[in-house]
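For reference, the structure is listed below as structure tokens.
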Amino acid sequence: MEEIQKRDIRKLSLSELEEFFLEHGEKKFRAKQVYEWLWNKSLKNFDDMSNISLSTRELLKQHFSINHILVDLMQHSQDGTIKNAVKLYDEKIVESVLIPTSKRITACVSSQVGCSLDCNFCATARLKRMRNLNPDEIYDQVVAIKEEAETYFNRPLTNIVFMGMGEPLLNYNNVIAAIEKITSPEGLGMASRRITLSTVGIPKMIRKMADDEVKFNLAISLHSAINETRSRLMPINDKSPLEELSDSLKYWYEKTKRKVTYEYVIWDGINDDETHARALAKFCKIIPSKVNIIQYNPIDEGEFRQASQQAVEMYVRILESQGIIAKVRKSRGQDIDAACGQLANKNEVSQLTNI
Ligand code: SAH
């Protein structure tokens, strides 16, 4: 018999799957059943689809594969954080993290293999970008963490942040498709307001998100509200300086009426002075916003060092005196390189040398 080139079944929409069944003389409603097994129940093989007849399962097997991710290595931090090294169908690896707190369990997921943005302080940048993740690969990371939350903490997954490897706005369509599945009743049925997308801030895409009326939260990795400093930290700022970013944020707020969160690391000798703190306070007035001051997670012996406690307190004082909410976030999972900016497939040396 002629070998059929198998397609990844989860690349098909529900209506495409319905069409497939009709073309093969099957009932249309079978598609919905299969779709639920694939997404809601995250089945990894056709034989487990118990309400689907043997012959239909054979038909599916003949035409399709289910390219499921595999959690290749799971590391547990002393603070409860779990890091998954996730193997994709083409053997590439990305990392995702489960972050437990007393109130929440958050999944931090990757959107690309590696990253193209070259932020100087981030370990993922060293990997370069290899490819975009497919919607199902993003979705599967969330499912894996949801299962781990239930197994290890006996608690449900409450939040999702796109703060793992990669720049979500450079893989926009797939990220949106994954979020659609995460929020839909056929998928995980999670609320959009529990999802946060973090970006370096690509103005064109921020406008697009506003036009698309997305319902999730937006976080911007700001790190400096002074162009010269920001460009030194994040080369993307040369292409899209702060003026353009702020224009796109105004557009975002006009359209969505949702405030943004600025992520901000304070480094010794780089942005730890009052001028930078005041520039940030001014930037925060552009649209309603709040600030998450995140601790720097060292990635090597390089030029970056976490600023002093006094500098952090100075920032908080200045921001709060101007009515801006500023939260200082403790780093999580540092001992297993699971904290912000540390995801670099350290246990997968082959990937680094393959580039
Ligand atoms: N590309 C997206 C999401 C990935 S990074 C973005 O840039 O927002 C998630 C957050 O970790 C960003 O705010 C990023 O600036 C920050 N980050 C990167 N490296 C870090 C490090 N070494 N220590 C602390 N935060 C870091």
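Using N, Cα and C of the backbone, Cβ positions are placed for all residues, glycine too.
Remember, TrEMBL labels are computer predictions, not curated facts.
Values in this document were obtained by computation on a predicted structure and should not be read as measured data.
Annotation comment: TrEMBL describes GLU95 as active site, proton acceptor. The annotation active site, S-methylcysteine intermediate is assigned in TrEMBL to CYS340. Residues or ranges marked as [4Fe-4S] cluster binding site by TrEMBL: CYS115, CYS119, CYS122. As annotated by TrEMBL, S-adenosyl-L-methionine binding site applies to GLY166, GLU167, SER198, SER221, LEU222, HIS223, ASN297. Residues or ranges marked as domain 'Radical SAM core' in TrEMBL: 101-335.
Here the features listed in TrEMBL are painted onto the structure.
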residue	record	Cβ contacts under 8 Å, 6 or more apart
GLU95	active site, proton acceptor	LYS83, ASN84, ALA85, VAL86, SER110, GLY164, MET165, ALA338, LEU343, ASN345
CYS115	[4Fe-4S] cluster binding site	CYS122, THR124, ALA125, LEU127, LYS128, ARG129, MET165, GLY166, GLU167
CYS119	[4Fe-4S] cluster binding site	ALA125, VAL200, SER221, LEU233, MET234, PRO235, ILE236, GLY341
SER198	S-adenosyl-L-methionine binding site	VAL161, PHE162, MET163, PRO168, ALA219, ILE220, SER221, GLU263
LEU222	S-adenosyl-L-methionine binding site	GLY201, ARG230, TYR262, GLU263, TYR264, LEU280, PHE283
HIS223	S-adenosyl-L-methionine binding site	ARG230, LEU233, MET234, GLU263, TYR264, VAL265, ASN271
ASN297	S-adenosyl-L-methionine binding site	SER331, GLN334, ALA339, CYS340, GLY341, GLN342
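Other residues of the same chain near the [4Fe-4S] cluster site, with their Cβ within 8 Å of the Cβ centroid of CYS115, CYS119, CYS122, are LEU117, ASP118, PHE121, ALA123, THR124, ALA125, VAL200, GLY341. In this structure, the recorded positions that sit close to ligand 1, with a C-beta under 6 angstroms from any of its atoms, are CYS122, GLU167, SER198, chosen from GLU95, CYS122, GLU167, SER198, LEU222.
In this structure, GLU95 (active site, proton acceptor) is part of a beta strand by DSSP. DSSP assigns SER198 (S-adenosyl-L-methionine binding site) to a strand segment in the three-state reduction. Within 10 Å of the Cβ of GLY166 (S-adenosyl-L-methionine binding site) there are 29 other Cβ atoms, across all protein chains. SER221 (S-adenosyl-L-methionine binding site) falls within a strand when secondary structure is assigned with DSSP.
Cβ neighbour count for CYS122 ([4Fe-4S] cluster binding site) (all protein chains, 10 Å cutoff from its Cβ): 24. Classification of CYS119 ([4Fe-4S] cluster binding site) by DSSP places it in coil, neither helical nor stranded. Summarised as a single figure, the pLDDT of the domain 'Radical SAM core' (101-335) averages 95.
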